[in-house]
Each structure stands twice: as structure tokens, then as C-alpha cells.
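Peer 1: There's a structure below that I have some questions on.
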Amino acid sequence: MKYLLEVKNLQTHFFTEDGIVPAVDGVDFELEPGQTLGIVGESGCGKSVTSVSILRLVPNPPGRIVGGEILFEGKDLVKATESEMQSIRGNDIAMIFQEPMTSLNPVFTIGKQISEAIMLHQKLDKKAAKERCVQMLKLVGIPRAEQAVDEYPHQFSGGMRQRAMIAMALSCNPKLLIADEPTTALDVTIQAQIIELMKDLKEKLNTAIMLITHDLGVVAEMADHVIVMYAGRVVEEADVIDLFKDPKHPYTIGLMKSKPSLDGNAKRLDVIPGAVPNPLAMPKGCAFHPRCSHAMDICKEKMPELNKFGDNRKIRCWLHEKEGGEK
Amino acid sequence: MGRFITRRLLQQIPILIGVSILVFSIIQLAPGDPLASYTQDPNMTKETLEALKEAHGLNKSPVLQYIDYVKNALQGNFGFSFQLKQPVEKLIAERLWPTFYIAFGSLIISIIIAIPIGVISATKQYSVFDYAGTVFALAGISIPAFFLALLLKKWLAIDLRLFPLSGIETPGAMYTGFARMMDYLRHTFIPLIVLGLTGAGGLMRYTRSSMLEVVRQDYIRTARAKGLKERVVIYKHALRNALIPVITLLGFTLPTLFSGAVITEIMFALPGMGKLQHQAVMQRDYPVLMGTNLFLAIFTLLGNLLADISYALVDPRIRLD
């Protein structure tokens with residue numbers, strides 16, 4: 001089997017009192033074992049919902065996966081039973097969240113929270129689990145790991161909590177690690193440390209990583225392959241170098257322009273005009289057309305398909321429709 | 001922890017002094033006095049009345065009376081009931097155990113009913129169970145204890161003859177050991193249920209709202225992402241956090257349980273603190289009133305202390321020293 005994870009036409013909708021919000025509306029991507037996939041996009045584009053959909057942790061009600069397949073090692077997680085999912089969560093697929101400050105339970109020690117998963121999935125006893133826990137904390141670079149296991153989350157700083165979260169996520173040697181904005185809530189020096197740590201661990205453990213972020217710097221640093229999402233859909237997909245060297249979709253180009261660069265001498269950063277459309281009132285045609293400077297008549301009428309260009313590139317845009325794209 | 005408790009206990013002393021002054025003043029300000037009933041007696045002469053006043057120290061100024069009271073109280077002498085002709089400390093001691101038993105018994109029943117219903121209501125929000133629980137809680141909060149007591153008495157004691165109507169034990173039966181315990185249980189079943197049910201409503205709503213807030217927290221998602229079973233997520237990770245605010249409520253409930261059962265105690269003729277206090281108010285029995293009020297003040301303060309200690313036991317972020 002070539003792919004570890006294959007997401008096909010995933011649709012996760014939220015059924016609110018005001019109407020249906022199609023947070024994820026037909027997302028496709030693949031992930032090879034050991035590969036790092038970056039998912040970028042503005043807030044509200046459906047990145048996080050995609051990631052919680054894979055673990056089937058979409059808060060229900062109001063959210064539900066309404067269509068598509070999530071093939072993990074060939075098994076469709078959309079159809080898996082809750083108990084099958086429980087044995088996959090934390091074991092084969094682990095997740096790190098955005099908010100290290102609130103993602104750990106305040107009333108249990110760090111050690112207890114990490115060993116819980118180890119005892120559950122690795123069937124180790126309390127003592128062995130605690131040893132493994134100390135070992136994991138050392139691996140993620142927590143000083144005084146032996147004492148730290150018995151400490152509570154409030155005794156940890158934000159960076160240490162995120163390290164503890166990473167230790168927890170990696171404690172059962174998952175094949176896939178989903179990192180949902182792992183550095184967003186941390187200050188810049190800590191961000192760099194956490195990224196270094198994740199790169200380092202990835203090499204040691206050969207875990208595939210799905211990295212969700214809106215920080216292009218983090219993507220450039222870590223990812224092999226990138227998908228760009230807009231309004232619940234993939235708009236561009238490319239290897240990381242191609243994407244940064246030659247972004248094709250107007251939205252990707254806009255994202256690239258709006259990031260500061262060290263050698264640039266621009267006084268002001270470019271911005272993409274407008275804001276993410278209201279999910280309850282998506283524009284007709286391409287969702288990006290109201291903000292797009294290249295918008296044509298067809299963009300207002302019909303949603304373009306995600307077409308393949310070459311081996312590793314896909315673009316969803318009418319501008320590139322005629323460039324020899326094949327379905 | 002030990003240092004904290006000692007410090008807190010010492011802090012209670014000035015509070016208690018304040019409470020005693022306040023209670024003493026209120027009692028003095030209330031119209032009527034303990035000897036008022038004697039004036040109805042045609043055989044009572046002015047001289048005897050004066051002599052009685054003198055004997056009880058009632059003709060002194062209120063300030064001097066208070067000082068006398070405190071002096072005696074510090075020596076363990078809380079005065080002598082005018083009506084019951086017994087030392088106050090003995091009267092309280094006799095009624096302490098029935099009150100304790102009713103208070104804790106009904107509290108435990110409230111907890112057993114309210115917390116599971118609150119948790120299930122929260123996890124299945126807007127379900128039929130949740131609505132049923134809400135109706136139950138509303139009924140528990142709004143039905144007066146005396147009314148529920150009457151209904152249950154009519155149904156369980158009169159119609160079905162399952163339980164005795166009132167009292168705390170069968171008079172003259174002189175049971176011992178297990179038989180005596182069962183006799184107590186049979187007599188107090190209805191009052192325990194009444195107090196338990198009426199107390200459960202508020203507690204259930206409190207547990208539900210606290211739980212609803214906690215299940216939306218990020219760490220609950222983390223717990224699920226670890227692959228824990230839903231039962232473990234809810235009853236271990238969520239409940240422990242949700243109980244923290246519930247403990248505050250319980251800390252406040254404890255003292256009201258000691259005093260709030262007055263009506264129930266009277267209706268079931270239970271020899272408890274509530275009944276003693278009610279009698280004392282009706283007869284302006286100053287020493288008994290002072291004694292019972294001080295006792296309740298001490299329990300309120302102890303309840304708060306207990307809540308603070310339980311806080312620290314449940315929530316590691318709270319450190320007492």
C-alpha cells in the first residue's frame with residue numbers, strides 16, 4: 001500500500017440553528033508513511049475540522065461527517081465503530097492541539113495523563129508506564145523528568161506543556177501525528193524549539209505528520225508536501241519547494257505575498273482584500289472570486305475542479321484550467 | 001495543611017465573638033421576655049416576678065448580661081433553659097445526633113440522586129432524559145418540604161402503612177443493636193426522602209451546568225484523542241473538574257441542613273435541633289436561643305472550612321499554605 005492516509009471527498013458539515021455550515025466540503029489528499037504534510041489556510045477554512053474529522057472527534061451535535069472516505073491503512077475510518085476508533089486514537093493516530101495551556105487536565109499529574117494512554121494501548125502496568133513516561137519526557141527535553149512526572153500542568157510553562165503534549169502523543173509510537181497549530185499559542189523562541197523538537201523526533205521515530213498551520217514559516221521549515229485550503233476546499237496542492245518557488249493559485253500567491261521576509265525591502269506587507277466568506281452564504285462559483293484580482297466571468301458561475309498538473313501538483317482555478325490540466 | 005487548619009480555626013474566634021454579640025442583641029431587641037407567660041398567672045405576685053428576674057439576671061443591663069453569658073460560656077456553662085429546666089449544653093447534646101443523622105442522611109440521598117442525574121443530563125443535553133431531569137429538579141426546588149412531607153405521609157404511612165407516621169423510634173419498644181437501627185431507619189425514611197428530594201433539585205442543576213461547561217474544555221478533547229472510553233472521559237476527567245464548584249454549594253448547604261429542617265422535624269416530631277430552636281423562639285427561652293444559634297454559627301464556619309479543605313483535595317491548583 002502506498003498511502004498511510006487517504007482522504008477522499010471528505011465532507012463535514014455543522015447543522016446550526018442558522019443553517020448548514022459546510023466547514024469541510026469535499027477535501028481530498030494523501031499522506032505517505034513518514035511524510036510531513038502541511039495544511040495551510042486562513043482561520044475558518046476548515047483545516048482544524050479536517051483534522052478532528054480524521055480522529056472522528058467532531059463535536060456532534062452540531063457537526064457530522066456527511067460524506068467521503070478516510071482510509072487509514074486501507075480501513076475506512078468514517079465507517080469504523082466507536083470502539084474501533086478508541087483503539088486507533090492515541091495509538092495509531094495521535095494529536096497535538098493548539099492550546100497547550102488548556103489541553104491538559106488541571107486535576108491530574110502530567111505523568112498520570114501520559115501513562116493513561118500508555119497503559120491503555122501498550123498494556124503496560126503502572127510502574128512500567130511511568131518509566132516509559134519519564135523516558136518520553138526526557139525525549140522531548142523536559143528537565144528533571146523524574147520529578148516532572150509527578151507535577152501538575154499548572155506547574156509547567158506553556159512551552160513545557162506543549163512538550164508534554166508531544167510526549168503524550170508520541171508515547172504509543174503512532175504512525176500518524178496530527179499537529180493542529182502546535183506553535184500558534186507559543187512565543188517565538190519557544191516556537192522554534194518546538195519545531196526543532198518535532199523535526200528531530202520525526203527523524204528518530206519516522207512518524208508521518210499532518211501539520212495544520214497558518215504559519216507559512218513553519219510549513220517551509222517542516223513540510224514535504226503542502227495543501228492550501230480555502231472555504232472548506234483544497235485550492236492548491238504541491239511539494240513544498242514548488243509551492244514557495246512558484247505558487248499558482250491566486251490565493252496561494254496572496255498568502256505568499258502577505259508574509260514578511262528578511263531580505264524584502266517592502267515597507268508594507270501585501271494583504272488579500274476582504275475576508276473569508278460567511279459559511280452560511282458562500283458565493284456562487286469559486287468561493288475565492290470576490291477577493292480575487294484575476295476573477296473572470298466564469299469564476300462567478302462555476303466552481304473549478306481540482307485539476308492535476310504534473311505528478312505532485314493540483315490546482316483548483318479557472319486561470320489554470322486551459323494550461324493542459326487533466327482530470 | 002495542618003498549619004492552614006490551625007490558622008483558619010484561630011481566625012474563627014473573632015468571627016464567633018461578632019456572631020454572639022449580634023445574636024444576643026437580636027434576641028434582646030425582640031419583643032416579649034422569658035417571664036412574659038408568668039404574668040398571665042393570677043397567683044404570681046410582683047415580688048416573686050422580681051425575684052425570678054433577679055435570679056436569672058434579667059434585670060441587669062444587656063451589656064452586663066452579655067458579659068455574664070460569655071464568662072459562663074467560657075467555663076462550659078451555657079445557661080439553664082427557663083422552660084425545660086435543663087442545662088442548654090445537655091439539651092443540645094441530646095438533639096445533636098438526630099439532627100446529624102437527618103442532615104447527613106438527607107445530604108447523602110441528595111448527592112446520590114443529583115450528581116448522576118446532573119452528569120447524564122449534561123452529557124445527553126436536550127434529550128428526553130435531560131428534560132425529565134429538569135422537570136424533576138424544578139419540582140424539587142419549588143415543592144415545599146412540608147407539602148411533599150404531607151403527601152408522602154398520606155401515601156406511604158396512612159394508605160400503604162409501610163412506615164410510621166412520626167417520631168424517631170417506637171416508644172417503649174427498647175430495641176437494641178440492629179433492630180434499633182432498623183427501627184430508626186423505618187421512622188426516618190419519609191423525612192430523609194423529603195429532605196433528600198427537595199435538596200437534590202438545586203444540586204442537580206448545579207452539577208449539570210458545571211458539567212456542561214467542563215465537557216467543552218480542550219482537555220476533554222485531549223482525553224478523547226488518547227482513545228479513552230467515553231465512560232472514563234466523563235466520570236474521571238470531566239466529573240472531577242465539574243465537582244469543584246459543586247463543593248462550594250455543599251459547603252453552604254451543610255449549615256442550612258442543621259437549621260433548615262425545622263419544619264420537617266416538627267412535622268415528624270423528630271427530637272432535633274430545629275424543633276428545640278422553634279420552641280425556644282416561641283417561649284423566648286434566651287439561653288436556649290443563644291446556645292442553638294451559636295451552635296449553628298460554629299457549624300456554618302466549620303462547613304466553610306470543610307469546603308476549603310475539600311477544594312484543595314480535588315483541585316491541585318489550590319494550595320492552602
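Even glycines carry a Cβ here, placed using N, Cα and C.
Straight out of TrEMBL:
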TRANSMEM  B:12-30  transmembrane segment
DOMAIN    B:96-307  domain 'ABC transmembrane type-1'
TRANSMEM  B:100-119  transmembrane segment
TRANSMEM  B:131-152  transmembrane segment
TRANSMEM  B:184-203  transmembrane segment
TRANSMEM  B:243-270  transmembrane segment
TRANSMEM  B:290-314  transmembrane segment
Peer 1: Tally Cβ pairs under 8 Å between the transmembrane segment (B:243-270) and each listed stretch (B:12-30, B:100-119, B:131-152, B:184-203, B:290-314), then give the stretch with the top tally.
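Peer 2: Checked against B:12-30, B:100-119, B:131-152, B:184-203, B:290-314; highest Cβ contact count belongs to B:290-314.
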Peer 1: Short question: most Cβ pairs under 8 Å with the transmembrane segment (B:100-119), which of B:12-30, B:131-152, B:184-203, B:290-314?
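Peer 2: Ranking B:12-30, B:131-152, B:184-203, B:290-314 by Cβ pairs under 8 Å to the transmembrane segment (B:100-119) puts B:184-203 first.
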Peer 1: Any chance you could find the range in B:12-30, B:131-152, B:184-203 with the most Cβ pairs under 8 Å to the transmembrane segment (B:290-314)?
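Peer 2: Comparing B:12-30, B:131-152, B:184-203: B:12-30 has the most Cβ pairs near the transmembrane segment (B:290-314).
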Peer 1: Would you mind listing the long-range same-chain contacts of the transmembrane segment (B:12-30), meaning Cβ under 8 Å and 6+ residues beyond its ends?
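Peer 2: The answer is 62, 65-66, 69-70, 284, 286, 289-290, 293-294, 297-298, 301, 305.
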